[in-house]
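Trainee: Have a look at this one before I ask anything.
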Amino acid sequence: TMFPEKTIDHKCVISPNWSVWSLGDGQPPEEIDKQIDTPPLSILLIEKPQSGSINVGGDITFTAKVEAKDLLRKPTIKWFKGKWMDLASKTGKHLQLKESFDRFTKIHTFEMHIIKAKENYAGNYRCEVTYKDKFDSCSFDLEVKGFEGQDDAGELDFSGLLKHREHKQEEVPEVDVWEILKNARPDEYEKIAFMYGITDLRGLLRRLKKTKKEEKKSEAFAKRLEPAYQVDKGGKIRLVVDLADPTVELKWYKNGQEIRPTPKYIFEHKGTQRIMVINNCQINDDAAYSVSAGEEKCTTELFVKELPVNIVKHLEPVKTTVNERIELECEVSEEGAKVKWMKNGVEVPTGVRSRYRVKSEGTKHWLIIDDATKDDTGTYSLMATGGTTEAKVQVELKPLKILMDLQSVTVLLGQPLKLNCEIYPGNIPGRWYKNGQLIQPSERLTIIHRTKNHSLDIESSTIHDAGDYTFVPEGYTQTLSAKVHIIDPPRVHLEALNVQDNTVVIVAGNKLRLEIPISGEPAPRVVWMKGERVILDSGNRVRAETFADHTCLTIDIAEREDTGNYKIVLQNEAGEDTASVKIKVVDIPDAPEAPLVTDVGGDWCTMTWEPPRYDGGSPILGYFIERKKKQSSRWMRLNFDLCKETTFEPKKMIEGVPYEVRIFAVNAIGVSKPSEPSKPFLPLAVTSEPTMLVVDDVTDTTVTMKWRPPDTIGAAGLDGYQVEYCIEGSVLHWWVFMCVCAYTILYLTADEWILANKELIEKTRYTITGLPVEAKLLVRVKAINAAGASPPRTTQHSILVKEVIEPPKIRIPRHLKQTFIRKVGEVVNLVVPFVGKPRPKVNWLKEGQPIDQTINIRNSDCDSIMFIRKAERKHSGKYELSVQVENHIDTATLDIQIVDLPGPPQAVKIEEVWGNNVALDWNPPKDNGNAPIIGYTIQKADKKTMEWYTCIEHYHRTCITISDLVVGNEYFFRIYSENMVGLSESATATKDSALIVKEGLQLKIPEYNDRDFTEPPIFTQPLINTFAVAGYNATLNCSVRANPRPKVIWMKNKITIIDDPRYRMFSNQGVCTLEIRKPCPFDGGVYTCKAVNDLGEAQVDCKLEGYLCGPTCVQI
């Protein structure tokens, strides 16, 4: 607030004139309630809360409004009771704070509701609004009528430091409440507070508590500091303590910080008294002070009271004229006091760019206006906390004297124009008017004011500058006037046509109205002429007309004969002017001649044509091109932007389809008729270049190249290939043709390439012969079709013509790595490829001996063929193939097996006959046909009919029992042997027959002893150490024999493998398999297979090692 107060003393006294308690001698209520005569202008609040009066138990609302037009965020508002009690912490059933915002009016509304007011709610309230560096506040009072005694102090209790309320004056003796409270019991405090009207009981009890603590007997202090002190701002105060022991070290503190002796703080010693004097007390000296003596400390509070600033010398009224200096002086009661200057109730701006300057020296304050204007007239006031003073300032104009008046002038068009005058006083600005319109400065017009002289300068005058000019001094009713007259010779303004070379172009058949501006004072006489002929205004098709500011030539229907130069003649008293206009009548161009197709591609062609003979009088802007299929009647536009050249390349045509093209010429007038169609043409494209050109073979005199066909062939097909080469060293200059796939390909000019094949070849392989030894050459291949040669495919690097020794290597086909089996009489044709350079020597041996003459051997550069037209069993055996290049040799072995039908079994006989069964026995055939016997076929025949029936086929053993024979019949039996080729050509029959006797006969069954097949596990095939390739499955195999069937257990590094998804275990017919899925280096180790049954156990081990497979295999 503007008048802060702190009036606190350590004594609490109840007097007849005061109804609330106070500390010390505070300000009377009259001074607190006293309002400032002229309050400062509010800068945030547009509506302030007003004082009000209610009865006890009533409700009241206080409203404050803030305009948010220039605010970026919501302002902060605080409600206070008294000086420092913030009501935000007191909200409850008796107090509510609300706020709202209207989006349309942009006004913040803040409300304070007091509900069921009590008598002790009465007092002074304050509302403070803050936004950034702006601050505003407003005080208001609340009066509560109809006092009734209440035990509840309420939420709005406040200290008597801020407000005193008057009761009816009664003769009540002064009572020291401190003494009463000190001697009372705690349960009597509220009763005493009600009895003596104490509202801030809590604060009083806190001070009473401190007082009681301080009443303890002090060993260091004989007399302690008072609880509180008060001093006026700018005054001096003494803080005195009496020490019990003068030798104790004493320290003074302000808000906990030690105070050092300075001119402001002076320390004095008088016997046992220690005094601290504080000079020139200011607001920042309002603090808590303490003094420590040894381990003891006593504290106090200092309250600095700020006195109001009063007006000592009032402002005096000022009356002056413009451009003079105004100085308003005022004197206040205090140096450095904050004051506010106002003009007509509005605060005077005092910024850097303001016209107002504020100056202060001690208690004097000045408001200075250096260059006064008439707008400075008004009421100026100065506001201080203790009052306001105001004075009127009146600024009048100085008397005007005309030293030189304006003079009327006549100026030739285009010449400078200058008007000037002189007036007194010289610093008076003014305005220039022309025909009553305000004149603004521009690039052509300059207004100059130098002291008493005022001038208007026009660099180059125009007709529009003629008129009445007036100069009006600012602030005066007197004016200065003059007339300006402009003389202008006649002139034709052809530039208004805005055409090049004054040539007007018109399309034949259209109407032409040519308007040309003219000027001149007085108005000139106008004559139009074409050649020597004068054009009259009474003409029919062609006529001329003249108006005030322009002349007009009209041609109703333009004809080609209207083309020519037209002359305009202007005459008046000031002079003469002539001008010429050319009129050009234009039309659309003639149709061009038929275009000529000069070159044809796969989906494009190149066409040329000649411009039309007559361009219509306007330059040809370009051409439109159309095409169509020969058998079609629909033309298609190929270009939407004009073609500026007389050549064009149509694209996106269908290969092999005949087309025609035609042309349209276009000028500024329009599009001509189409030309005659061109001769039909057929688009054909060359193929793309051959692909994958590589060297297939090199000898001392030849180079063999091979390649792949082009990726794109097209409708013209492919007729063949052309191979060219160039020997390095025969060319002096190389040049870069193109860059493909990051390789720079070098080509030679066409004359330096040598054609290798005179006729086209269809194969994609060709051998260039007759080359010099150790020469370096480049080779290129072109694909040829009806459209021509394709772009060449050239080797990236030069080829050295020299045969390179390559060690031989036989590459045996997969089917020959096993035994090659053929039947007798079949053709044997074995192709064994190999590599090696130069051509290897091939040699065949059979089991170390030269091969039979019936075997044909054919050798080539890359393979050897064994051919047997009709295989015989003697051709079976192991053949050795050796391939040799100089000292290098490679060998391979081929196993050939020629098989035939087997011979019949031997010694077929009937061993025994019983019931309807016959037991047969025989021996294998003497000749098995060079192949294992895979079974036998047994047949039977009745002796009566001798018709043979098959009993069983593919029987493997050499003894059998034939059952279900017919009793009473007599049977013969025969047996065929069988191998992979088939059944033997003949069968061996039993010499004797078997008679199946009738019932009644008994067969003696011999006794047989059962054989014991049980045995412990025995591994017939052990595990083998093996290597595993990373990324591929590995298998471990072994076979075991045991009866009963054994339990198979797999172990790795003697640890049993159980339920591991990386391992799979199989057991089939005694063969045990462990599959390791994609082993890694950690799968290496010792693997064990263990078989267990009731008769014993057995195990076998192997070691598994791994390889990492990359560019080279590395052992793990």
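For all residues, glycine too, the Cβ spot is worked out from N, Cα and C.
Found this in TrEMBL, in case it helps:
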DOMAIN    39-143  domain 'Ig-like'
DOMAIN    308-394  domain 'Ig-like'
DOMAIN    399-481  domain 'Ig-like'
DOMAIN    490-584  domain 'Ig-like'
DOMAIN    591-690  domain 'Fibronectin type-III'
DOMAIN    691-804  domain 'Fibronectin type-III'
DOMAIN    808-895  domain 'Ig-like'
DOMAIN    904-1000  domain 'Fibronectin type-III'
DOMAIN    1016-1105  domain 'Ig-like'
Trainee: With Cβ distances under 8 Å as the criterion, find the stretch in 39-143, 591-690, 808-895, 904-1000, 1016-1105 that has the most pairs with the domain 'Ig-like' (308-394).
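Mentor: Counting Cβ pairs under 8 Å, the winner is 39-143.
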Trainee: Restricting to CB pairs under 8 Å, which listed stretch, 39-143, 399-481, 591-690, 808-895, 1016-1105, is in contact most with the domain 'Fibronectin type-III' (904-1000)?
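Mentor: Per the Cβ count, the answer is 808-895.
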Trainee: Restricting attention to the domain 'Fibronectin type-III' (904-1000), give the mean pLDDT.
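Mentor: So the average pLDDT across the domain 'Fibronectin type-III' (904-1000) works out to 91.
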Trainee: Per DSSP, what is the residue count of the domain 'Fibronectin type-III' (591-690) in each of helix, strand and coil?
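Mentor: Tallied per class, the domain 'Fibronectin type-III' (591-690) gives 0 helix, 35 strand, 65 coil.
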